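Asks: Take a look at what Swiss-Prot says about it:
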MOD_RES   Lys71  N6-acetyllysine
MOD_RES   Lys71  N6-succinyllysine
MOD_RES   Lys262  N6-acetyllysine
MOD_RES   Lys262  N6-succinyllysine
MOD_RES   Lys304  N6-succinyllysine
MOD_RES   Lys350  N6-(pyridoxal phosphate)lysine
MOD_RES   Lys417  N6-acetyllysine
MOD_RES   Lys417  N6-succinyllysine
MOD_RES   Lys420  N6-succinyllysine
MOD_RES   Lys420  N6-acetyllysine
TRANSIT   1-41  transit peptide
Amino acid sequence: MTGAWGHLLRSLHLKTLSLWIPKTCFSLKARAFWTSVTRCGLHTKPSMPPCDFTPERYQSLAYSRVLEIHKQHLSPVHTAYFPEPLLLHQGHVEWLFDHEGNRYLDFFSGIVTVSVGHCHPKVNAAAQRQLGRLWHTSSVFFHPLIHEYAEKLSALLPEPLKVVFLVNSGSEANDLAMLMARAHSNSTDIISFRGAYHGCSPYTLGLTNVGIYKMDLPHGMGCQPTMCPDIFHGPWGGSHCRDSPVQTIRKCSCAPDCCQAKDQYIEQFKDTLSTSVAKSIAGFFAEPIQGVNGVVQYPKGFLKEAFELVRERGGVCIADEVQTGFGRLGSHFWGFQTHDVLPDIVTMAKGIGNGFPMAAVVTTPDIAKSLTKRMLHFNTFGGNPMACAVGSAVLEVIKEENLQENSQEVGTYMLLKLAKLRDEFEIVGDVRGKGLMIGIEMVKDKESRQPLPREEVNQIHHDCKCMGLLIGRGGLFSQTFRIAPSMCITKPEVDFAVEVFRSALIQHMERRAK
């Protein structure tokens, strides 16, 4: 290879690709057919960092049989990334292995869930010990682990957030938080941002404001959307707005301690309060950083003023920490702390159990009592001994291995490296995030900020997978790549991931030029 592209590829230390991937095989033949990555248009890939783990030999269903069963017996709503879905077999720390033994760097961690690494030995050991001791009792009988875990978790939250309700998923946690807010306030209306994702239950669908999750059926009575203070796509935003090492390319004349964008978005929030809800409201839900919408950050100071306005109307403020909690943002253990606010209710899931089904709602004694006066709340599996054993081990690993600090250091390192790609490639419109919660928004061009067509984003996504990197998708048009690896990720692994992404962008530009 000669010319500018050859020089660029050589500078990335790229080498011939030896990874093999499955050819699209929805014809369901008796065996899977295989093709080299050169059939995908890829000729080179960055060198993977070493891994001192050998996966077990895959001995389960044939790939073609998996596709057949999926088509016949699993709901069609169970969709997968890529035309030839990965059949994953084993995990080790940051790595995943498919049924052919191919290795992938997991930079999405099961949708921001595997917080301390796949099959962490301490978490595994805790689960194995409890498996031989006691699986389930329900909350009508006491067991020590739920009490030990509640004490550990509440110690990580500021006063007066000290009462813990354990459930099984983020949707369940937000469902319960909605009940608490309405029981405590004696009001109905709850506000959430456009672009918010708070769950897919019939109740939380009212809070979720992403079109693909909406149905033409009654749901979420009393839920009111409000403008998301999105400083990249919204009407206001500039170069000092975000709490991030990387700012938007939009320019502004604001002084560093003054944000006109924040003031304008607060006026929109006031307008919602004045026109769209009752004089007394039940509450306001907010993710500290929007996840499903593509890692959207708000102007600094916005949530603090919004919380004050909600409380003036008698509402409670709920922080949805399902994706942002447990040290992922680096500078603080909880996302709400990065906004200098104190919520009345905090919901959490995903990283709480490193992939084990577990979630929690933490609130104040007064709000907890309000629910008790209204109803008997019961959850069969919430707080079961297995979940509490796993959850306790996860908290211990985060502390012992300094994973919050690692999120800050390695996340900042990655953001700054990705920002250089934004400056280099016209189709990389924005790089944003904090710690190990990062978004890369793909655009037609930086001036229009219009989303890159889905088929082009799909191809870049697929090319990354072909080179051994798994990343997520988000945004209203699926135009944003979401990066949220386990918090034990290292700088050499970041270097590999950034080189892969850059190579995928180069491949895309070569295709465009043909």
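Each position is counted from 1, following the chain as shown.
Each Cβ is built from the backbone N, Cα and C atoms, and glycine gets one as well.
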Asks: Within 10 Å of each Cβ, count the other Cβ atoms and name the one among the modified residues Lys262, Lys350, Lys417, Lys420 with the highest count.
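Replies: Its Cβ has the most other Cβ atoms within 10 Å: Lys350.
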Asks: Have a look around Lys71 (N6-acetyllysine) and count the other CB atoms within 10 A of its CB, chains all included.
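Replies: Excluding its own Cβ, the number within 10 Å is 11.
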Asks: Including all protein chains shown, what's the count of other C-beta atoms within 10 A of the C-beta of Lys304 (N6-succinyllysine)?
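Replies: There are 14 such Cβ atoms around Lys304 (N6-succinyllysine).
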Asks: Which one is it, among the modified residues Lys71, Lys304, Lys417, that lies nearest to Lys262 (N6-acetyllysine) by Cα separation?
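Replies: Closest candidate to Lys262 (N6-acetyllysine), judged by Cα separation, is Lys304.
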Asks: Can you tell me which of the modified residues Lys304, Lys350, Lys417, Lys420 is spatially closest to Lys71 (N6-acetyllysine)? Compare CA atoms only.
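Replies: So, of the listed modified residues, the one sitting closest to Lys71 (N6-acetyllysine) is Lys350.
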